[in-house]
Amino acid sequence: SQVEKEKLTWSDRIPGYAANFGLILFMIMLTFAAVFGVIVYRITTAAALSFSTNETTRSNVRVTVTATAVIINLVVILILDEIYGAVAKWLTEIEVPKTEKTFEERLILKAFLLKFVNSYAPIFYVAFFKGRFVGRPGHYVYVFDGYRMEECAPGGCLMELCIQLSIIMLGKQLIQNNLFEIGIPKLKKLFRKLKDERTEPKEMDTNQSKDPQQWDLDYILEPFTGLTPEYMEMIIQFGFVTLFVASFPLAPLFALLNNIIEVRLDAKKFVTELRRPDTVRAKDIGIWYNILSGIGKLSVIINAFVIAVTSDFIPRLMYQYAYSQNGTMHGFINHTLSYFNVSHLKAGTQPEHSLFAKDVLFCRFKDYREPPWSQNQYDFSKQYWAVLSARLAFVILFQNLVMFLSVLVDWMIPDIPKDISEQIKKEKSVLVDFFLKEEHEKLKLIESFITRDKQKHKSGTKGERIRAASFCQFNRSQKGSFASFSSQHTDV
């Protein structure tokens with residue numbers, strides 16, 4: 001009865017699960033709010049710099065805004081990463097998991113979800129959302145009733161995505177994976193040493209003059225907290241390398257260089273900065289394998305959308321093979337621009353200082369829309385729907401092709417090399433032969449014991465028969481002697 005009282009029921013666990021759900025949702029919304037804050041910073045800073053009197057400042061507005069916004073994104077990501085790690089641990093503790101393995105799996109899932117959203121939300125925005133909700137001339141989308149939504153550069157958002165990904169990835173690796181890994185354990189070690197010196201009573205001068213023992217030096221080191229942070233670094237880096245590799249092809253090279261440095265830094269950290277870890281046996285990497293597999297499948301879909309939606313790959317192919325008169329790219333820019341009648345601008349939104357000497361009747365903007373003289377003016381044109389269908393068809397084709405190739409490569413290249421599998425088979429056969437030999441020897445020993453027992457049994461029954469026969473003969477002789485004795489006595 002006492003054991004049953006100590007067990008937690010569903011009613012006991014519901015508050016913990018509700019707190020988990022609410023706080024995780026709040027932190028994801030906090031990440032989106034930070035991304036939106038950086039968007040507002042971009043819009044307002046670009047508007048402010050555009051009114052600058054300095055011509056150099058006006059000409060470099062886009063570069064300045066992009067660089068500073070990416071640095072702000074990087075700082076926010078680093079701060080929120082540390083907060084999310086501590087919050088994920090606290091949320092897992094209030095769930096009260098049954099086993100240590102369950103605790104670790106739930107902690108990994110929460111930390112990965114929060115850090116995944118935190119690390120990739122700004123990149124997802126630039127890749128798939130920036131410049132998609134701008135509107136058109138005469139019907140722009142405004143933020144705070146005065147600022148237009150930001151647009152991509154005339155060449156598209158692919159270059160900005162490359163800059164964003166490179167700065168966030170390299171900054172995260174340099175600051176969080178390298179500097180923090182060495183600096184934070186050293187600071188904690190120093191803080192613990194100073195704290196111990198203050199709290200411990202002063203010993204005698206004879207004891208102070210002695211060199212500290214090895215266990216004292218080991219106690220000063222930082223306690224080992226597990227391999228979860230090391231795995232998390234590699235998983236997030238794997239996401240940077242695979243999810244958007246189409247926009248930043250040098251990402252694998254930088255990841256390789258970082259990992260070469262990381263191996264040596266981790267070796268130094270584990271030997272000189274951390275206490276000796278407790279050895280635990282494990283047959284595989286556990287839930288990390290499922291996370292890696294999921295990121296690998298997700299990366300195929302995201303790269304397909306990056307190529308199809310973010311870049312101009314599909315519009316260029318469509319123009320070259322469907323709309324070009326001579327099969328070349330001549331006239332592609334003109335094909336992607338639509339017409340707009342300047343007189344359709346809303347009052348108060350016309351340009352105040354025109355750069356042209358004479359009045360302009362029509363302007364061009366990048367979109368596939370019907371011209372103002374059409375019956376359905378400014379609606380999406382047939383080219384827009386043709387390009388959109390081609391983009392979706394490319395995504396489906398690319399995804400299935402890559403998935404098929406990955407399955408084919410997985411089938412062609414076994415998980416265990418052929419020589420190792422043959423060696424394992426030989427070891428198994430040797431082990432089976434050894435066990436058979438042992439069993440055969442045991443069987444021989446048992447048979448020898450059985451034959452020995454049979455021989456003893458036979459010899460025992462034969463002796464009993466001899467003793468019985470001799471006893472019968474003795475009885476007969478006794479009877480004969482008694483008869484002769486009686487006859488002799490009667491004769492007398």
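Yeah, the Cβs are placed from backbone N, Cα and C, and that goes for glycine too.
According to TrEMBL, the domain 'Anoctamin transmembrane' annotation covers 6-427.
Residues or ranges marked as transmembrane segment in TrEMBL: 21-43 (among others).
Only residues 6 or more beyond the boundaries of the transmembrane segment (63-87), in the same chain, are considered here, and those with a CB under 8 A from a CB of the stretch are 23, 27, 30-31, 34-35, 38, 41-42, 45-46, 49, 57, 111, 114-115, 118-119, 122, 160, 163-164, 167-168, 171-172, 175-176, 229. The transmembrane segment annotation in TrEMBL covers 63-87 (among others).
According to TrEMBL, the transmembrane segment annotation covers 107-128 (among others).
Look at TrEMBL and you will find 234-257 (among others) tagged as transmembrane segment. Note on the transmembrane segment (234-257): residues 112, 115-116, 119-120, 123, 127, 158, 161-162, 165-166, 168-170, 172-173, 177, 288, 291-292, 295-296, 298-299, 302-303, 306-307, 310-311 of its chain, located 6 or more positions outside it, place their CB under 8 angstroms from a CB of the stretch.
Within the same chain, residues 101, 104-105, 108-109, 112, 127-128, 158, 161, 231, 235, 238-239, 242-247, 391-392, 394-395, 398-399, 402-403, 406 sit at least 6 positions outside the transmembrane segment (285-309) and bring their C-beta atoms closer than 8 Å to a C-beta of that stretch. According to TrEMBL, the feature transmembrane segment maps to 285-309 (among others).
Under 8 Å from some Cβ of the transmembrane segment (384-409) lie the Cβ atoms of residues 296-297, 300-301, 303-305, 307-309, 314-315, 317-318, 322, 367-369, all in the same chain and six or more residues away from its ends. Here TrEMBL flags 384-409 (among others) as transmembrane segment.
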Long-range Cβ neighbours of the transmembrane segment (21-43) (under 8 Å; 6 or more residues past either end): 65-66, 69, 72-73, 76, 80, 84, 87, 91, 110, 113-114, 117-118, 121-122, 125, 143-144, 147-150
